[in-house]
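Note sheet for the following structure.
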Amino acid sequence: WEFNGSFYQPSAFLMMGIPGLEALHHWISIPFCALYLIALLGNCVILFIIKKTPSLHEPMYYFLSMLAVTDLGLVLCTLPTTLGVFWFNMRRIGFDACLTQMYFIHILSFIESSVLLAMAFDRFIAISHPLRHSSILTKTTVIKIGLAIILRGMVSLLPIPFLLKRLTYCGKTELSHSFCFHPDIMNLACADIKVNVFYGMIILLSTVGMDFIFIVLSYILIIKTVISLATKEECLKALNTCVSHICAVLVFFIPMIGLSMIHRFGKNVPPLINTLVAYTYLIIPPALNPIIYSIKSSHIREALLRALRRKTE
């Protein structure tokens, strides 16, 4: 403990694996390793295929590349501490290291939310204004959108580590997960956390909350456009281009909303449920997104098959 007058700050926190199943951590690590491996390989393959296939150099796949990079970042943020707890029971994490991990986890989550919104906008333009799509979403515009997404996440979350460092901590230093999460750290403080709670809620609602609302509005407009199409075949073809994105949105937002609600209002929720929702939120989307897009996108699937054929020849 570091002491400065009446101000106390722990030198480290203790991370938690899966409560009640500590004896089985080595066995539990096997599916986690599989998910991490799928996420790392799958997203790297997506990036490789898009880079090497000129026909995929268009806005939809540029945004998919951003999504893959973000998923890789999320995986690399949580993999060392999660496997450290499962394999070696390395539960201790320094205070500043915990705040750094927390900051990047939240930034990458906010970036993923914004990228999913950009992908929804891309689908709306492609279906509602197909002739103007290439002129509206030029390569320069896509780069500007990407930079704005990164800047938005970094700036909006910059005060969070400083708001946590000003708090006084006492007694319990055990986190609920094998990674650092803002509400989890905040609830260990024995000081007034109203500012942290208020700022966290405002940022969450004004970023991820607004992203989700605009994604829903985009699909309402897409559905209105699709209904007006002349034939059923055209309607189904237009909707089929959105299936992958809809799956990615559901896989990301459902566990994220669930985890946020549990941390803020679920004091009586069993720790095991809290832990499982957290792992679902941070590990499942990066592992599933490459699979979803590889299965549903014929362009990526064909490019992947061509690459495999070239290797076997």
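Using the three backbone atoms N, Cα and C, a Cβ is placed for every residue, glycine included.
TrEMBL does not curate its annotations; it predicts them automatically.
As annotated by TrEMBL, transmembrane segment applies to 24-50 (among others).
The feature domain 'G-protein coupled receptors family 1 profile' is assigned by TrEMBL to 42-293.
Annotation comment: TrEMBL describes 62-88 (among others) as transmembrane segment.
Residues or ranges marked as transmembrane segment in TrEMBL: 100-121 (among others). Sequence-distant contacts of the transmembrane segment (100-121), counting only residues of its own chain at least 6 positions beyond either end whose CB sits under 8 Å from a CB of the stretch, comprise 60, 63-64, 66-67, 70-71, 73-74, 77-78, 81, 93, 145, 149-150, 152-154, 156-157, 160-161, 164, 179-182, 185, 207-208, 211-212, 214-215, 218-219, 245, 248-249, 252-253, 256, 282, 285.
Residues or ranges marked as transmembrane segment by TrEMBL: 142-164 (among others).
TrEMBL lists 197-222 (among others) with the feature transmembrane segment.
Among the features that TrEMBL reports, transmembrane segment is placed at 243-266 (among others).
Under 8 Å from some Cβ of the transmembrane segment (272-292) lie the Cβ atoms of residues 16, 18-21, 32, 35-36, 38-39, 42-43, 45-46, 67-68, 71-72, 74-75, 78, 105, 112, 176-177, 179, 181, 244, 247-248, 251-252, 255-256, 258-259, 262-263, 266, all in the same chain and six or more residues away from its ends. As annotated by TrEMBL, transmembrane segment applies to 272-292 (among others).
Taken together, the residues of the domain 'G-protein coupled receptors family 1 profile' (42-293) have an average pLDDT of 90.
Within the same chain, residues 67, 109, 112-113, 116, 119-120, 123, 181, 183-184, 187, 197, 201, 204, 208, 212, 215, 219, 273-274, 277-278, 280-281, 284-285, 288-289, 292-293, 296-297 sit at least 6 positions outside the transmembrane segment (243-266) and bring their C-beta atoms closer than 8 Å to a C-beta of that stretch.
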